[in-house]
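Written out below as structure tokens is the structure these notes cover.
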Amino acid sequence: QVDAVRVYVNSSSENLQYPVLFVVRQQKGVLSWQVPLIFRGLYQRTYNYQEVSRTLCPTEPTPETRPSDQIIFVDVASMAPFNIAYELLVTRLENFQLETNKAFNFTASPSQPQYFLYRFPQDVDSVIINVVSDAAYPCSVVSVQDIVCPVYDLDHNVEFNGVYQSMTKQAAITVQRKDFPGEQFFVVFVIKPEDYACGGSVPSSIHGNVNRTWNLQRTKNLQVTIVPSIKKSVYVQAMFFSFLGFLSFYLGSVIVAFVHYIRVQRKASAGRLSPEHGSGMMTSSHPISASTPEGSSYGAIDESSSSGGRQLSSPERRPPAGSDTDSSVEEESDFDTMPEIESDKNIIRTKVFLYLSDLSRKDRRIVSKKYKIYFWNIITIAVFYALPVIQLVITYQTVVNVTGNQDICYYNFLCAHPLGVLSAFNNILSNVGHMMLGFLFLLIVLRRDILHRRAMEMKDIYTLDYGIPKHFGLFYAMGIALMMEGVLSACYHVCPNYSNFQFDTSFMYMIAGLCMLKLYQTRHPDINASAYSAYASFAVVISLAVLGVVFGKNDVWFWVIFSMIHVLASLALSTQIYYMGRFKIDGPDSDVGIFRRAVMVLYTDCIQQCSRPMYMDRMVLLIVGNLVNWSFAIFGLVYRPRDFASYILGIFICNLLLYLAFYIIMKLRSSEKLLPIPMFCIVATAVVWAAALYFFFQTLSSWEETPAESREKNRPCILLGFFDDHDVWHFLSAAALFFSFLVLLTLDDDLDTVRRDKIPVF
């Protein structure tokens, strides 16, 4: 048992010119202070205390001395020319050593800090120090220091040694036996003279002469409990759970591929894949009727509209099979390789009824290479983005480990399990799902790509003029984006804070954007955005996200500018989608001519045709989409949400879900079918996303607040005693994104035996 002594002094003197000096000399150290004790706050504010209480650094008994023998000298002095009354009280602490799993209550103040001793039990390698308080303020600091004298237990020096956290209502520090060779440590509790470090307000008027009433106002009741942390076996179980759980997706994919292979072989042996079978599929895939401006049915077969597609996709026009493996990539200007395309596309794309053959007229090789640029560009972006990110977070983690300042990183400290130099290994491990499922998706796309190439080499009729054109570049880019989301999310969770928040969301923006581009490209392969313009747009979005976090909290001007950009971008994109990229204001060179042309287009296309637009389905989608985006813009302008990064991500996700819902509705409306695999993926996507979002909104920390306020949201682990709610979000969101990708990959598999001049465009 270690004995500890506490010295209490009190002086009624408020004369700062002649303080009373107290010096306590021990066997291995000297401790001194003055009364009134002066603390300095923000802007050189001063706070004076007449009551001071300090715990002397304890000494362990040696064979030469008995446990109860301690020699202490207390010197009291003052330079005052008059007598000063003071009170001195020395007491022995009865509860200086903390016990495992036993709560201990005490009170502290700025001039009366507290610290206690804890020794590791024999079978415990790691403990969690849980500190709670009913009151948020006054702001306090919890520190863990080695058994070294002197103990730094005042506001101006508590950060000099050990590990520390600021605290309002809750704090938690994980301590490992290996960090303390003596297998014991001090737990120090310091009350700060001001609350600004914890997010509190600073007194408006503080005068230099402050009496002892501060002693009563700044006291705080605390409760500390030290509990054993998890054992090494839990780490092993968590890693097995993470890897085996996602390896089951690989097993499921192998089973589905094997079943599909068996079915194809059986159909091939039975002769059920003959052209006559395909013709039967075509006749059953005509869209159902709907009202049109001319009163004809939606999707009626117009020979004039599809003849061009059939003519340009004839075998004489088609390049040799397998020639798309050429490594050369044609420039953007070479995409329209046939002269008649440029002269025809203004006419073709403005027809009332468009079919896939009208928008898949370009050379398949060149279009395929165009979409492969997405894949190569995102790899380049990922390398240049990830390398400095990894270097930065390693620096952050090093700073945390060296300085002991745990206010730098916003962990869920009640469920932060260290491993090696990493402070929260569980938050990093839970991102393995994104990387494993992203790689699995790449394998699935590669298999489809190989099967398609083999079919092309065999000159299979169903790969020439049937089904959705197979371009896999965007799918490869989506797989890489999913893997990079896992890598960068893991990097962000090495030390989550205000400075590196964009690491966790950048590739989420790109994933949402790539999904929308892929969905649009499915039935508009000739007019989709180029990789360069798409990634440039993503860069603009990420830049706006950074600016929004910096300026979006209180600056109204930023929200006005952003809302205007948002609305104008929605209108511009809607115009391009409505006119299939053929809208041009090509009036005279003068500005007046340009405005005259804009007014004419607005009058003819909007006012005259308001009751019956030329492209009704597109108009309905764009009206709903613009209403949603304008609502987001108004909401942001009025409420100015603090989490701007999540606000932009919400805009992307809502637009993606809206477009996907429109696509599925139009697909069913056109008498197209949903096969079992895409139907299963749609249901799985909805269920898993719902569960994932539930855990996403369980906020466990927030870098928008002070570290102490963020810790008020901390919660214990909920899965295997190792993973918290946010880790479960990582697991479920990875699975949800994987199923979402499979929806886009398999959604139109039912059209593989349908001629392209029978597939409507919407």
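In case you wondered, yes, glycine gets a Cβ from its N, Cα and C as well.
TrEMBL does not curate its annotations; it predicts them automatically.
Sequence-distant neighbours of the transmembrane segment (238-262) (same chain, 6+ residues past either end, Cβ-Cβ under 8 Å): 426, 429-430, 432-433, 436-437, 440, 443-444, 447, 677, 720, 722-723, 731, 734-735, 738. Residues annotated as transmembrane segment in TrEMBL: 238-262 (among others).
Residues annotated as region 'Disordered' in TrEMBL: 272-337.
Per TrEMBL, compositional bias 'Polar residues' is recorded for 281-295.
What TrEMBL lists as compositional bias 'Low complexity' is 304-314.
Residues or ranges marked as compositional bias 'Acidic residues' by TrEMBL: 327-337.
Among the features that TrEMBL reports, transmembrane segment is placed at 374-394 (among others).
Feature annotation from TrEMBL assigns transmembrane segment to 428-446 (among others). Under 8 Å from some Cβ of the transmembrane segment (428-446) lie the Cβ atoms of residues 238-239, 242-243, 245-247, 249-250, 253, 422, 472, 475-476, 478-487, 489-490, 493-494, 723, 726-728, 730-731, 733-735, 737-738, 741-742, 745, all in the same chain and six or more residues away from its ends.
The transmembrane segment feature in TrEMBL is assigned to 474-495 (among others).
Summarising the annotation, TrEMBL assigns transmembrane segment to 501-520 (among others).
Sequence-distant contacts of the transmembrane segment (532-551) (same chain, at least 6 residues past either end, Cβ-Cβ under 8 Å): 373-374, 377-378, 381, 498, 501-502, 505-506, 509-510, 513-514, 517, 558, 562, 565, 644-645, 647-648, 652. Annotated transmembrane segment per TrEMBL: 532-551 (among others), in sequence order.
Residues annotated as transmembrane segment in TrEMBL: 557-579 (among others). Counting only same-chain residues 6+ beyond the ends of the transmembrane segment (557-579), those with a CB under 8 A from a CB of the stretch are 349-350, 520, 544, 547-548, 551, 615, 618-619, 622, 625-626, 629-630, 632-634, 636-637, 640, 651.
Taken from TrEMBL, the feature transmembrane segment covers 619-638 (among others).
Residues or ranges marked as transmembrane segment in TrEMBL: 644-665 (among others).
Positions annotated as transmembrane segment by TrEMBL: 677-697 (among others). Long-range contacts of the transmembrane segment (677-697) within its own chain (CB-CB distance under 8 A, at least 6 residues past either end) are made by residues 256, 664, 725-726, 728-729, 732-733, 735-736, 739-740, 742-743, 746-747, 749.
The transmembrane segment annotation in TrEMBL covers 728-747 (among others).
Within the chain, the transmembrane segment (619-638) has long-range Cβ neighbours (under 8 A, six or more residues past its boundaries) at 559-560, 562-563, 566-567, 570-571, 574, 577-578, 613, 647, 650-651, 654-655, 658-659, 662. Highlighted: of the candidate stretches 374-394, 474-495, 501-520, 728-747, 501-520 has the greatest count of Cβ pairs under 8 Å to the transmembrane segment (644-665). Of the recorded ranges 474-495, 501-520, 728-747, the transmembrane segment (374-394) has the largest number of C-beta contacts under 8 angstroms with 474-495.
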